[in-house]
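Worksheet for the structure shown next.
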Amino acid sequence: MKVLKFGGTSVGSVDRLRRIPQLLPSDETAIVVLSAMAGVTNELVKVTELVKDRKMADAIQLFKGLEDKHVEVASNLFKTKLYKKMGEEFVIGLFHPLMKKLVNGIDNLNKYIALGEQLSVGLLKLLLAEQGYKVAYIPAFEFMRVDKDNEPDYFYIEQNLRRQLHINPFAKVYVTEGFICRNVNGEISNLGRGGSDFTAAIVGNVVNASEVQIWTDIDGVHNNDPRFVTNTSPVRQLSYDEAAELAYFGAKILHPQTINPCRIKNIPVVLKNTLNPTDEGTVITTLSSKSGIKAIAAKDGITAINIRSSRMLLAYGFLKRVFEIFEAAKTPVDMITTSEVSISLTIDNASNLNDIVNALSSFAHVEVERNQTIICVVGDFLASHKGYAARVLDCLKEIPIRMISYGGSNNNISLLVDSHYKVQALRLLQQLFPAVKQANSVLDEVDAQ
Ligand code: ADP
Ligand code: ASP
Ligand code: MG
């Protein structure tokens, strides 16, 4: 069984939706995980923000616009009158009760945010049915659930997903929503923005898929962020570790948590371009293609915290005290550097920052810097090879660097810069690629001796 996930742009228009059946495997059963049509989740989030601001007329107008957009898609997507009618009725049937609540009072705003995926999945299911596929809809709300720590509840998911598949034993294609789930109390929730990739990975894990394919609008993972750097190129092979670092440190093409569920079961993750399906894309497995620098990513919205102890920092017990505070605040730490008297570390979730600073201030001097960016250089940096860090720093010699972290793993050199320098840093680091090829060949020669 294969799991295929199609992102927002891959379901973003009638034309794109019509391409999906051609991309399904002919030889294996498929579970198709869909995102909302491009831009729709953003608009739904806006609707919920307008509701919170009590701007109900604006919320209703925006919501109505989304209904009209989907009705239009339904009226153009299908060939037969019957399916056109079913499509339009399906869309109106989903909007109608939520529109009523918008007027009369809302209970759970996440119901609105979930609508985008429900719409695209329902429309694709009808399209496949019209074309004669043996297709079954398996609602994500019937099996996708997170626990009290917002982690996937694998036991629950496995039991319920298997039940859903068994209810429809003759289907060759199952369709389900990405992103949306229930929380520990069974309420409607989601896996966070961009979470459809994560859904696909969790589903792949649970059904022991032979492959998880992530279909998007670009030919795989590029060696730098194509939104800011022009001459990027696809990386054909990445190890799970390399891909996880890139996803975690900002490569938008993959939701940060996508790799782990597949790594655990050794399931290949393949990133493919819907607009150019014959391109090989990027394959992620345990194998790394070769040593050296593979790709660069950047993660914004980072807060740096400098903690200076009046006593000797590395007196034992000090670090424990510091990290207990982050644990109590349920705030993960990304980068850490230490000196004799202080620690600098970074967090990307500053929602409990005040509590953290108050607690740390009881035994240390604390300084906070917001608007920082982690620049992450990813590759396979064998400890025996020389020169990687030097090359990275050489590219960035014009940029003030706030922190450097190297050696935590063989796969990552991270640098913290003020967000103001992010784009400049990414562009300067692109010089690494032609230069690194030469460096590698020199290093390979050294190895061969
Ligand atoms: P989808 O809607 O299919 O999930 P996303 O917009 O989430 O697509 O991810 C694809 C986009 O990620 C690309 O269009 C590209 O602009 C952006 N991106 C950022 N970093 C990278 C990278 N290193 N490689 C490829 N794409 C990247
Ligand atoms: N539709 C959701 C979002 O825009 C989930 C996804 O696309 O992966 O965040
Ligand atoms: Mg995405």
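Note that Cβ sites are derived from N, Cα and C of the backbone, with glycine treated the same way.
Predicted automatically and left uncurated, TrEMBL annotations should be read as such.
Just so it is clear, the model here is predicted, and its values are computed rather than measured.
Listed features, source TrEMBL:
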DOMAIN    2-273  domain 'Aspartate/glutamate/uridylate kinase'
BINDING   Lys5, Phe6, Gly7, Gly8, Thr216, Asp217, Arg227  ATP binding site
BINDING   Thr41, Glu117  substrate binding site
DOMAIN    306-350  domain 'Aspartokinase ACT'
DOMAIN    375-433  domain 'Aspartokinase ACT'
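Structural mapping of features recorded in TrEMBL.
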{"residue": "Lys5", "record": "ATP binding site", "Cβ contacts under 8 Å, 6 or more apart": "Val32, Val33, Leu34, Ser35, Gly178, Ser196, Asp197, Thr199, Ala200, Val212, Gln213, Ile214, Trp215"}
{"residue": "Phe6", "record": "ATP binding site", "Cβ contacts under 8 Å, 6 or more apart": "Ile20, Val32, Val33, Leu34, Ser35, Trp215, Thr274"}
{"residue": "Gly7", "record": "ATP binding site", "Cβ contacts under 8 Å, 6 or more apart": "Ser35, Ser196, Asp197, Ile214, Trp215, Thr216, Asp217"}
{"residue": "Gly8", "record": "ATP binding site", "Cβ contacts under 8 Å, 6 or more apart": "Ser35, Ala36, Met37, Ala38, Gly39, Val40, Thr41"}
{"residue": "Glu117", "record": "substrate binding site", "Cβ contacts under 8 Å, 6 or more apart": "Leu34, Ser35, Ala36, Ala140, Glu177, Gly178, Phe179, Ile180, Ser196"}
{"residue": "Arg227", "record": "ATP binding site", "Cβ contacts under 8 Å, 6 or more apart": "Lys252"}
Binding-site residues near ligand 3 among Lys5, Gly7, Thr41, Glu117, Arg227 (Cβ under 6 Å)
Gly7
Can you list which of the binding-site residues Lys5, Phe6, Gly7, Gly8, Thr41, Glu117 have their Cβ under 6 Å from some atom of ligand 1?
Gly7, Gly8
Using DSSP, how many residues in the domain 'Aspartokinase ACT' (306-350) fall into helix, strand and coil?
11 helix, 12 strand, 22 coil
Which residue counts does DSSP yield for the domain 'Aspartokinase ACT' (375-433) in the helix, strand and coil classes, in that order?
21 helix, 17 strand, 21 coil
Per DSSP, to which secondary structure element type does Asp217 (ATP binding site) belong, with helix, strand and coil as the options?
coil
Rounded to whole angstrom, what's the largest C-alpha distance between any two of Lys5, Phe6, Gly7, Gly8, Thr216, Asp217, Arg227, listed as binding ATP?
22
Near Thr41 (substrate binding site), how many other Cβ atoms are within 10 Å of its Cβ?
23
Which of these binding-site residues (Gly8, Thr41, Thr216, Asp217) have a C-beta closer than 6 Å to some atom of ligand 2?
Gly8, Thr41
Tell me whether Glu117 (substrate binding site) sits in a helix, a strand or coil according to DSSP.
helix
